[in-house]
Amino acid sequence: MSRTDAQKKELKKLRNVDRAIADLRRGLPVVIIAGSEASVVLATEMAFAGELKELENLGGTPPVLALTAHRANVLHIKPTGDPAVRLKIEAWMDAPLMRALADATHDLDQPFRGPFTRLKGDLPEAIPAAIKLAKLARLLPSVLSTDLAANVAIELAKSADYSTVTLADISAFEATAAVHLKSVAAAHVPLQSAENTVFHAFRPEDGGIEHLAILVGDPNRHEPVLARLHSECFTGDLIGSLKCDCGEQLRGALKAISDAGGGVLLYLAQEGRGIGLINKLRAYKLQSQGFDTIDANERLGFDADERVFQPAAEMFLQLGFKKVRLMTNNPEKVDGLERHGIEVVERVTHKFPSNTHNELYLATKRKRSGHYL
Ligand SMILES: Nc1nc2c(ncn2[C@@H]2O[C@H](COP(=O)(O)OP(=O)(O)OP(=O)(O)O)[C@@H](O)[C@H]2O)c(=O)[nH]1
Ligand SMILES: [Zn+2]
């Protein structure tokens, strides 16, 4: 079936964001258009002397360093009520220092920093959008940014071959990618705990992040289905890390679904509660310094949980399920599905015994994240 013009336009927007994500990860500048204004941004963690010079030479305003409010709080920079702050880049701030300001795993090596000059005035809209882009790229949520007029930035993007995205494209990205998910492959994969199992691979039409649905048996589409949303955890699911309960929850869910005669497990590409494996390892380093799982995320500049559950809801709907009995202890998962058209008729407790390494992690989820544990 050929695509309508409106569909083509939506896909182009998705592709633009995907390209910008890939470029940020390569340490390339990206142009964000915000009405008549624009910012050329670089992911701070990828900024070295050469990249900084390139940004400085653009001829707009001098570059600034943008950090999230969470990260600024750690650096004792006064909150503004905005989601991010901008710091003036002083002569003594070189590229390694800027990377260290973005990366909390260096905080104990260089505890005394500043004084910093926070830029006053309204936060340009491109800054939170750029930080969102860095998060989508699974990089640390900090950017270096230079402001230009939009028409100048568009010309520059053409001549320097920079990716260009708009604010609207970035803010709509996750929801648009979710509604463009399509089942692209399905195959029978017998499991130890459930032999009659089919894996469905879902991919958004722009070729973005893929998720899996694991369908056990042939559940009745008219009844609420026993279901689990499982966020990818390389360390726990595959390698047997004792720092979390993911491996047990994964295997336990498949067994419970099989014992119940069928159901669905969605295996979501949301490693590290959506911050990615590298950032999760950074969070683990902070945890070994004594911070809990929430503070570790926030010290890195992230929210405690960066996941959205719209892709999960979309996959359930495409598989023909509107009502679920959800195995979870996390109230956010229940809300996240209900917001996107899935009725959670029952929350089924999904709890496993703790060990000495994950005791504190589970206690933190209970005490600070409102988990039923
Ligand atoms: N950022 C971060 N992610 C972690 C940490 N420990 C585990 N994770 C990730 O958390 C996700 C697992 O969370 P879930 O199993 O969905 O747990 P939950 O949100 O508590 O919900 P339920 O298990 O359904 O109750 C996986 O993506 C893990 O990689 C951590 O200390 N920091
Ligand atoms: Zn885990």
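Yeah, the Cβs are placed from backbone N, Cα and C, and that goes for glycine too.
These features come from TrEMBL:
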- 186-348: domain 'GTP cyclohydrolase II' (DOMAIN)
- Arg228, Leu229, His230, Ser231, Glu232, Gln249, Glu271, Gly272, Arg273, Thr293, Thr328, Lys333: GTP binding site (BINDING)
- Cys233, Cys244, Cys246: Zn(2+) binding site (BINDING)
- Asp305: active site, proton acceptor (ACT_SITE)
- Arg307: active site, nucleophile (ACT_SITE)
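Arg273 (GTP binding site) has its Cα within 10 Å of the Cα of these recorded positions: Arg307, taken from Cys244, Cys246, Arg307.
Put simply, Cys246 is the one of the recorded positions Cys244, Cys246, Asp305, Arg307 whose Cα lies nearest to the Cα of Glu232 (GTP binding site). Most Cβ neighbours within 10 Å, among the recorded positions Arg228, Arg307: Arg228 holds that distinction in the structure as shown. Listed recorded positions near Thr328 (GTP binding site): none (candidates Cys233, Cys244, Cys246, Asp305, Arg307; Cα-Cα distance within 10 Å). The most crowded of the binding-site residues listed here (Cys233, Cys244, Cys246) is Cys233, judged by how many other CB atoms sit within 10 Å of its own CB. Here the domain 'GTP cyclohydrolase II' (186-348) returns a mean pLDDT of 97 for the predicted model. When the C-alpha distances from the residue listed as 'active site, nucleophile' to the binding-site residues His230, Cys233, Cys244, Cys246, Glu271 are tabulated, the minimum falls on Glu271.
As a whole number, the greatest separation of Cα atoms within the GTP-binding residue list Arg228, Leu229, His230, Ser231, Glu232, Gln249, Glu271, Gly272, Arg273, Thr293, Thr328, Lys333 is 22 Å. Filtering Arg228, Cys233, Cys246, Asp305, Arg307 by Cβ distance to ligand 2 (under 6 A) retains the following recorded positions: Cys233, Cys246. With a CB cut-off of under 6 A applied against ligand 1, the recorded positions Arg228, Asp305, Arg307, Thr328 are reduced to Thr328.
Note: His230 (GTP binding site) has non-local neighbours Asp237, Cys246, Gln249, Leu250, Ala253, Leu265, Leu266, Tyr267, Leu268, i.e. same-chain residues 6+ apart with C-beta under 8 A of its own C-beta.
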